[in-house]
Amino acid sequence: MDRKQLQHQVAYTRRSLFDQGYLDDQFIQLEHLQDEANPNFVEEVVRLFYSDSVRLIQNIEQAMINKPNIDFGKLDDYMHQFKGSSSSIGAKKMMKECSKFREYCCAGNIEGCIKTLQLLKQEHATLRRKLETYFQLVKQAGLA
Amino acid sequence: MTVDMAMATETQFHVLAVDDCLIDRKLIERLLKTSSYQVTAVDSGSKALEFLGLNGENELRDSKPASVSPDPYHQHIEINMIITDYCMPGMTGYDLLKKIKESKYFKDIPVVIMSSENVPSRINRCLKEGAEEFFLKPVQLSDVNKLRPHLMKGRCKEEEEDQPNNKRKGMEEIVNSPDRTRTRYNDGLEVV
């Protein structure tokens with residue numbers, strides 16, 4: 001594929017991440033903060049998010065093991081953090097799952113929490129794959 | 001480095017950013033640096049107080065290394081603004097705000113609060129306690145652009161306090177005042 005085609009593919013891939021609801025405007029805000037002095041800012045933030053969120057997910061899972069004495073307050077705190085980080089990178093679908101999880105926490109509904117955590121982990125993994133592919137394409141197209 | 005660049009660095013504003021979230025710290029740091037501010041980012045209210053030299057109830061003036069100026073007004077770290085997250089474990093942003101407003105040396109430093117939650121009572125509480133602005137997260141460049149007037153106001157205040165003669169005099173007044181021509185004969189008079 002030549003450079004022009006690659007660049008088209010980058011634009012198309014990027015567009016669909018927004019159209020399919022994976023990313024929101026905050027991602028564009030991150031792109032605006034990228035410049036010649038900080039050419040990989042978006043990718044750096046996303047990497048940071050993924051290494052940090054793995055830790056958060058582990059904390060959440062740990063906090064859900066101790067049935068029936070679940071500390072819903074603690075769970076909610078962890079999810080509040082997770083939602084905050086997701087929001088900072090513009091991870092729209094993940095934010096939705098985080099909000100649902102917090103509603104289940106408020107209601108003390110552990111089954112709801114378990115179900116939602118699974119969905120959240122799926123979204124987390126899907127977005128990671130899509131963004132990794134996107135960043136790869138950007139490099140290949142010489143747009144990095 | 002040209003003279004202009006050197007001067008620009010000298011007058012660069014220094015902002016202390018406080019947030020327990022790693023991603024948000026990276027973000028706020030980049031936002032502030034984009035606006036040419038010098039940034040120190042810490043992950044808790046207690047680290048912020050430590051950095052400022054405010055430990056416990058008494059301000060440990062001597063425990064902090066003096067900044068360049070030996071001026072008694074500037075024995076603490078030079079900070080022009082503090083921007084802090086509201087929800088943090090241990091000390092909240094509100095608690096930190098209160099401590100700063102109680103501090104003799106830092107009470108006039110503008111403080112900005114950030115929060116991911118839009119809770120009007122929370123916002124009002126912070127503004128009432130003296131926060132200059134309240135930003136909803138994720139913080140954006142348009143928010144950071146609102147900081148400059150607060151920083152400029154702070155600098156004008158500082159410059160006023162630096163004058164040995166605290167009365168506000170225009171430069172023209174000082175230069176042309178009859179007193180100035182008499183200073184040759186009067187050693188005690190300080191010329192500004």
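Along the chain as shown, residues are numbered 1 onward.
Cβ atoms are placed via backbone N, Cα and C, with glycine included.
Unlike curated entries, TrEMBL annotations are predicted automatically.
Marked as compositional bias 'Basic and acidic residues' by TrEMBL: B:179-192.
The feature domain 'Response regulatory' is assigned by TrEMBL to B:14-152.
Shown in sequence order, B:Val18, B:Asp19, B:Asp20, B:Cys21, B:Asp24, B:Gly93, B:Ile113, B:Met114, B:Ser115, B:Lys137 are the residues of the chain, 6+ apart in sequence, with a C-beta less than 8 angstroms from the C-beta of B:Asp85 (4-aspartylphosphate). The 4-aspartylphosphate annotation in TrEMBL covers B:Asp85.
Taken from TrEMBL, the feature region 'Disordered' covers B:155-192.
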Report the mean pLDDT of the predicted model across the domain 'Response regulatory' (B:14-152), rounded to a whole number.
88
